[in-house]
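Beneath this line is the structure, given in structure tokens, with notes to follow.
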Amino acid sequence: MGHGSSKEDGSSSSSDEDAKPSRISRVKHRLRRHRLRRRRRSDSSHKKLFAAEDFAGIAHLTLINAEMKFKDKWLACVSFGEQTFRTNVSTETDKPVWNCERKLLLEKNGPLVARISVFETNRLSKNNLIGYCEINLLDYLTQDSDSDFGTFDLIDPGSSDKVVGCVRISCNVEDYDEDGKLSLSEFSELINAFGNNLAASKKEELFKAADKNGDGVVSLDELAELLALQQETEPIMNCCPVCGEVVEGGDKLNSLIHLSLCFDEGTGNQVMTGGFLTDKQASYGWMFKLSEWAHFSSYRFGLNSGSSASHILVFDRKTKRLVEELIDTKIVLSMRTIYQSKIGLGLMDKGAKEILQSISERQGRQMNTVESAKEIPKFVEFFKDQINMAEVKYPLEHFKTFNEFFVRELKPGARTIASIERDDVAVCAADCRLMAFKSVEDSLRFWIKGRKFSIQGLLGKEVCSNAFIDGSLVIFRLAPQDYHRFHLPVSGTIGKFVNIPGCLYTVNPIAVNSKYCNVFTENKRVVTIISTAEFGKVAFVAIGATMVGSITFVKKEGDFVKKGEEFGYFSFGGSTVICVFEKGAIDIDDDLLANSGRSLETLVSVGMTLGVSKKKPGSGGLPNLENCVLRN
């Protein structure tokens, strides 16, 4: 792709070599710098404990350079699992050079795909995403090649067939060059810095133990392994010298992982800055950092209240990566004002509720006009990284109104229905952000904060039965950019449709997480029961929301339906589906429950596995079913 085959000039020597600080002083400086940096960040990449069977290795990824179609100042981000790292800003305008590296922990059944995003940096508050690529690190590391280097096309986020540049990387399994190794004197100085008198008196003995290959120097890998081993028997240190976190004794594997990831320097290249959750956060400019400092906004997943309601983060089940939901800043501020204060909800009680409903209905009518079609390209551009037009059944010019596009159909086969032949496997009902709970009590503890929520209030007296009271609850929240047709999660017979009138509050987490608002029990909704052989009765609730013009069903009472079939669609706006299963009817997939237990929504697609029936004899469980089916 036009790149040279040689490394960038990261190893060139200087005439004033003698004036450089010693290698050990540079290591100590790095330790101090990293400790300060990481103390300022609330997250830690090492807190999760791993069993030996889950550990797949540590990949050493280096972003070398890129070649772009136009000139600018560039930075790159690497997103992997729930972590994101960023490079420095390159001063080369058309062929940015970074030579930035990072270690990434590989887990079996964990994230394997790294996303590299390249941003132009000409904006004050945030930078502009120009191109990205996704690399399966396990495939890359196991390919039949003698080279660690590779070049990948950068794809325009708004058009999957448009290439805007390319990026060159190196990736291998942990290795260090000469500059990353410590002599006996440097090793001794570092041991002294740990402040352990007993260890300091045994420096030579420890050095020999660490120098596994007998080459007279100790690599940072060997140092990390020594420290991990010593933690089991005679700890050299009480806490990690890089991040300051306490390192527990008796757990060699996790100590080794922790120390290896912390000791991530040594090649002479710059290390990517960590502590970010998404590439969007990592790309923000100084104005956003100022808002964080002033506690006006914060960036973390969990309940969306106060400053944390400024950014909504979800876990992408397909890529196993955190992503930020796109939403206009002005809308976020408005929702925080209305839904997270007594004053805002007080206005609702004094007539604003009726005004909101009137506006929603009028906006719904507007989106059915021919004039509304001009909003479609703007909508697609705003959500360009989250709407895949290649999946849509018809091209943009086919849609004559905005609502026609909003309820767009997908091409046949665009969504794979998991275990289609097995009715004891329930599937996700929508492209959405999902929360799943074994009981209503769990949902109230981790997500729904409205003081009046109950199953009786949700389903209404006509539909609710005692079997649902202590049942499992699954919430499918559709954002405006999502495919807005909902599908059947189970096979069975459709019961009576019961319309429950109500408000049109937003279903955004900012409202759902508010103690002042009762979104699900006060909003307009339609409830029906699906009678199944495998799950008993399943309550299906379609809930309208702000700007939703209507809820339309394509099935009727008495129809026998198969899971994955289309059930209906929401017109313009955000909306939600809730399914309530009878107590003891379903084993919800472990990953969905785990994320929900962290108050973290999971981004899913129609047809992904939801859970397995507990009622069917001999179904004996597919506890890890979510790891062995196709995910869209």
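Using N, Cα and C of the backbone, Cβ positions are placed for all residues, glycine too.
According to TrEMBL, the protein has these features:
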- Ser575: active site, schiff-base intermediate with substrate (ACT_SITE)
- 1-10: compositional bias 'Basic and acidic residues' (COMPBIAS)
- 23-41: compositional bias 'Basic residues' (COMPBIAS)
- 20-150: domain 'C2' (DOMAIN)
- 198-233: domain 'EF-hand' (DOMAIN)
- Ser575: pyruvic acid (Ser) (MOD_RES)
- 1-44: region 'Disordered' (REGION)
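Counted within 10 Å of its Cβ, the other Cβ atoms near the residue listed as 'active site, schiff-base intermediate with substrate' come to 30, all protein chains included. Mean pLDDT, taken over the domain 'C2' (20-150), works out to 77 on the 0 to 100 scale. The domain 'EF-hand' (198-233): residue composition by secondary structure is 25 helix, 2 strand, 9 coil, according to DSSP.
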